[in-house]
Amino acid sequence: MASYFDPSALTIYDLSQHDTVTQGVVFNNLVCMAVVVSVITLRIYVRHSIKHAAGSDDYFAAAAAASAIVLSTCCLFAAAQGLGKHIWDLGIDSSTSSHNASLRISIPLYICYLSYLAANTFIKCSILASYYRLFPGQMFRRFLLVLGGLVAATCVSSILVGIFECYPVKSSWDWFSPRENCIDILRFFVVSSWISTITDIIIWCCPFPQFFRLQMKPRRKLQLILLFGAGAFAFVAGILRLARLDGLRSVDITYTGVSPINWSVAEVSTAIVCASVPSLRPLAVRFFPSSWQSGPVSSPESAGPRVMDKASGSSRGGSPYCGRNIYLDDLESQQSTSLYSTTPDRALRGYRM
């Protein structure tokens with residue numbers, strides 16, 4: 001059987017082209033790595049040092065950041081070996097030295113794929129864990145568990161397919177090994193990417209009905225929706241990555257594969273940033289208190305005629321649904337078990353029962 005790299009297949013290409021996009025690979029990965037490290041460091045600082053309320057969502061986010069760092073590191077290593085150049089400029093042929101040179105690119109790219117899957121899965125689990133912590137509804141929480149199981153199952157199946165796409169198995173990362181009984185891996189990438197994009201949309205949309213039930217000032221509600229709605233950028237990046245997957249089919253993969261690789265890095269980095277934005281709100285409150293001061297949030301699940309204004313201590317009439325009230329600070333409170341609950345000390349200062 002033929003190997004992935006067949007020098008005779010280069011006859012259809014214009015071998016006079018010698019441009020490179022290696023600098024783009026380096027720039028994209030350095031920027032994304034710096035942003036991810038900065039954001040996840042701030043998130044850990046806020047959750048551990050300010051709110052003292054680290055949870056499973058934070059640990060999932062940290063795991064996603066670690067996977068994203070591995071992804072970018074492997075991309076940078078591959079770029080140092082020639083990723084971004086045309087494959088005919090790398091002098092790859094059937095010789096042993098060329099084989100070893102190709103492995104220095106193909107193996108990091110293989111690890112990139114596995115790291116991308118891990119980062120994408122961990123950050124989705126982080127978002128779902130945040131929803132599970134904030135919203136108390138049993139039906140909604142069951143839905144989150146089912147969705148989390150689907151995300152995990154998709155990750156495991158994608159890893160297994162990536163490892164066992166060919167026989168022998170090493171053909172998955174060795175461009176010179178015979179490819180026997182191979183599946184159409186690009187078609188699988190497209191299908192799995194569509195599934196991932198659909199789950200992204202569902203994860204992004206599912207909390208909004210919960211937000212609309214809250215009784216709060218429109219400005220505060222808009223802040224809350226914007227905080228959690230930033231995830232839209234992540235699935236937009238996923239769609240852009242999906243549109244460029246065809247570059248992985250080319251024999252000149254060291255050049256044409258750069259675009260989908262860069263978008264993969266951008267997708268997971270954007271997802272990590274967007275998932276961490278709500279956790280960084282205490283920093284915004286500290287530096288911009290007038291714009292991000294806490295406002296009361298009322299749950300429709302309990303009754304009570306009047307509530308207290310947190311800033312002034314004055315009371316105001318409540319809507320028919322007003323009762324237990326939460327302030328936006330309670331989104332990060334250690335004792336808060338959900339968006340509809342608050343700490344005892346805030347209950348004494350914030351309610352009239």
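All residue numbers here begin at 1 and follow the chain in the order shown.
Each residue, glycine too, has its Cβ placed from N, Cα and C.
What TrEMBL says about this one:
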- 291-301: compositional bias 'Polar residues' (COMPBIAS)
- 42-285: domain 'Rhodopsin' (DOMAIN)
- 291-318: region 'Disordered' (REGION)
- 25-46: transmembrane segment (TRANSMEM)
- 58-80: transmembrane segment (TRANSMEM)
- 107-131: transmembrane segment (TRANSMEM)
- 143-165: transmembrane segment (TRANSMEM)
- 185-212: transmembrane segment (TRANSMEM)
- 224-243: transmembrane segment (TRANSMEM)
Quiz item: So are the transmembrane segment (185-212) and the transmembrane segment (107-131) touching or not, going by 3+ C-beta pairs under 8 A with a sequence gap of 6 or more?
Solution: yes
Quiz item: Hey, which bits of the same chain come close to the transmembrane segment (107-131), Cβ under 8 Å, at least six residues off its ends?
Solution: 55-58, 60-61, 63-65, 67-68, 70-71, 74-75, 77-78, 81, 83, 140, 144, 147-148, 151-152, 154-155, 158-159, 162, 172-173, 196, 199-200, 203, 206-207, 231, 257, 261, 264-265, 267-268, 271-272, 275, 278
